[in-house]
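J.: Please see the structure below; I have some questions.
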Amino acid sequence: MEALGKLKQFDAYPKTLEDFRVKTCGGATVTIVSGLLMLLLFLSELQYYLTTEVHPELYVDKSRGDKLKINIDVLFPHMPCAYLSIDAMDVAGEQQLDVEHNLFKQRLDKDGIPVSSEAERHELGKVEVTVFDPDSLDPDRCESCYGAEAEDIKCCNTCEDVREAYRRRGWAFKNPDTIEQCRREGFSQKMQEQKNEGCQVYGFLEVNKVAGNFHFAPGKSFQQSHVHVHDLQSFGLDNINMTHYIQHLSFGEDYPGIVNPLDHTNVTAPQASMMFQYFVKVVPTVYMKVDGEVLRTNQFSVTRHEKVANGLLGDQGLPGVFVLYELSPMMVKLTEKHRSFTHFLTGVCAIIGGMFTVAGLIDSLIYHSARAIQKKIDLGKTT
């Protein structure tokens, strides 16, 4: 018993008799409010604990021979799909000219609404032109390429075949009305029909994981004296409006929390024949989810430059939208981890202890202030 008596001396929480305790309305109000605040803070701490935290690390990128996937969704409200060409090239010398695989073009009217394709007839003003039936032609025919024949191109049975043969030769495709295939297919009428339309380009490119560029520009692209050029003979520089809206542009798959800086970027061309250049720095990124799934992707930063392209060759540039990218030699590794349970317990204890302490101080202040005022009232000293 004597030992228990000595032990009681260490009690930091001495108790008072129930008869000496006073309960007040102010104390009840403080208790209820502090209890609700404590509950809200606890739920907030619990929600924070149930989320994952991401730990970044930096490494040297040692990956070799990988492909880079570029996701694209860009709108050109004043550039018809028939005029627009998409090309990609890199420092290794690989080129993808007038890319069509994995990339799609959607025609848009002047209000930005998708235009449904009409397979049988096109309306040009008040004149209706019936599109020819290709099945009516001899399937074994071999039509002229108009001087652009090559070892692998002996016959040009369609207007597109002639354009491709001209492109390989590096010749400008000036007057389609002199080409029988184009006249038969109504090429000029189609171009005229789409004159006031826009175009949405969406899909993806797969390129080598080296520095390079891809661009959207009017005219058929080809090589001339080892220089990449576009045939703009039939356009006129004053008619080229490169206003564009980038709905989405990313390098690889999205991961939680990623920010693609070019998403929802709207750029209005201040004048005709503008050249827009986006200089992109791509940072390889590995995102490791808490369940063990590994996502290899990229994040990037970008700066923009624009100028008027008055010429078709040389330093004056080419009208269009150019994305020039280079890859960082460093790789970022992002790892998801569960939050510490001991940290959660510490936070909960801090909330409970802090609220009890603050509530006790407020209750004591209210109680003693009320008693002091009541004493003055009883003594008749209040004014």
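Along the chain as shown, residues are numbered 1 onward.
Yeah, the Cβs are placed from backbone N, Cα and C, and that goes for glycine too.
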J.: Which of the listed positions, Ser116, Ser136, Ser221, does Swiss-Prot note as phosphoserine?
T.: Ser116
J.: Swiss-Prot lists region 'Required for MARCHF2-mediated degradation' for one of the ranges 1-25, 276-300, 301-325, 326-350; which is that range?
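T.: Going through 1-25, 276-300, 301-325, 326-350 one by one, Swiss-Prot gives region 'Required for MARCHF2-mediated degradation' for 1-25.
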J.: Could you tell me which of these recorded positions, Ser116, Asn266, has the greatest number of Cβ atoms within 10 Å of its own Cβ?
T.: Asn266
J.: Applying a 10 Å Cβ distance cut-off over all chains shown, what neighbour count does Asn241 (N-linked glycosylation site) have?
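T.: So the number of other Cβ atoms within 10 Å of Asn241 (N-linked glycosylation site) is 19.
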J.: Would you kindly give the Cα-Cα distance separating Ser116 (phosphoserine) and Asn241 (N-linked glycosylation site), rounded to the nearest Å?
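T.: Here the two Cα atoms are 23 Å apart.
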J.: For Asn241 (N-linked glycosylation site), what is the secondary structure by DSSP, using just helix, strand and coil?
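T.: DSSP call for Asn241 (N-linked glycosylation site): coil, neither helix nor strand.
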J.: Near the topological domain 'Cytoplasmic' (363-383), which residues from the same chain, at least 6 beyond its ends, have a CB less than 8 A from one of its CBs?
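T.: Residues 22, 24, 26-27, 30-31 contact the topological domain 'Cytoplasmic' (363-383) from elsewhere in the chain.
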J.: Can you tell me how far the Cα of Asn266 (N-linked glycosylation site) sits from the Cα of Ser116 (phosphoserine), in Å?
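T.: With distance taken Cα to Cα, Ser116 (phosphoserine) is 25 Å from Asn266 (N-linked glycosylation site).
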